[in-house]
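Novice: Below: one structure in structure tokens.
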Amino acid sequence: MRIILLGPPGAGKGTQARMLMERYNISQLSTGDMLREAIEKETEIGKQAKIFIESGALVPDFVVNQIVSDRIGEGDCVSGFILDGYPRTVGQAEALQRILQSKNMQLNAVIELIVDEDALIERIKKRVEEVVAVGGKIRSDDNPDSFAKRLLEYREKTVPLSKFYSNIGLLKTVDGMADIADVSRAINAILE
């Protein structure tokens with residue numbers, strides 16, 4: 001099973017991806033996690049990505065497409081995967097179609113989590129408070145300025161993906177404002 005989760009930052013894509021990974025025994029491919037790992041390890045690509053992420057901008061397609069292509073080719077993705085945070089633009093979606101075709105793969109579903117932007121801001125504030133409460137490290141892209149830029153980038157560049165995937169018959173929407181368990185049940189109903 002090959003799934004894409006769409007939705008604005010803070011919508012719960014990562015949480016739902018982890019639940020799907022456990023339920024269907026498939027790999028979660030979070031470009032955000034892959035990029036953060038590259039930044040922490042201070043790889044060349046990580047250094048490039050850090051500049052964009054900390055400013056709230058999207059990482060250039062050529063960087064992200066290569067990371068995804070390499071990761072999809074790994075053995076744990078043979079039985080399927082969940083893409084969380086990719087694609088973010090129609091250009092990336094078109095590149096993904098080419099990548100999948102070159103590997104004789106196809107998507108099963110694209111699920112968009114629909115959420116209210118004011119609620120997203122509250123979710124991010126809560127996430128920061130929870131991390132601080134346990135002495136954890138706050139994500140650099142969770143500061144208010146970066147988050148506002150990420151929402152703007154999402155509206156301008158990522159929202160057109162809904163139309164792209166709707167036009168090819170893969171898009172399904174789920175109310176992302178429901179509690180985590182209800183969102184999970186709605187996603188599972190789509191997939192089964």
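Cβ coordinates are placed from backbone N, Cα and C, and glycine is handled just like the others.
Below, the features straight out of Swiss-Prot:
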BINDING   G10, A11, G12, K13, G14, T15, R127, A178  ATP binding site
REGION    30-59  region 'NMP'
BINDING   T31, R36, A57, L58, V59, G85, Y86, P87, R88, Q92, R139, R150  AMP binding site
REGION    126-142  region 'LID'
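Looking at the shown structure, can you explain where the listed features end up?
Specialist: R127 (ATP binding site) counts 14 other C-beta atoms within 10 Å of its own C-beta, drawing on all protein chains shown.
Counting same-chain residues at least six beyond the ends of the region 'NMP' (30-59), those with a Cβ under 8 angstroms from any Cβ of the stretch are 14, 17, 67-68, 71, 83-86, 88-89, 139-141, 145-150, 153, 157.
Secondary structure at Y86 (AMP binding site), taken from DSSP and collapsed to helix, strand or coil, is coil. Listed in sequence order, I4, L29, T31, V64, V68, Q92, L96 are the same-chain residues at least 6 apart in sequence whose CB falls under 8 Å from the CB of Y86 (AMP binding site).
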Novice: With every protein chain in view, how many other Cβ atoms are within 10 Å of the Cβ of K13 (ATP binding site)?
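Specialist: Taking all protein chains shown, K13 (ATP binding site) has 25 Cβ neighbours within 10 Å.
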Novice: Whole-number Å distance between the CA of R88 (AMP binding site) and the CA of K13 (ATP binding site)?
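Specialist: Cα-Cα distance, R88 (AMP binding site) to K13 (ATP binding site): 13 Å.
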Novice: What whole-number Å value do you get for the CA-CA distance of K13 (ATP binding site) and V59 (AMP binding site)?
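Specialist: With the alpha carbons as reference points, the distance is 18 Å.
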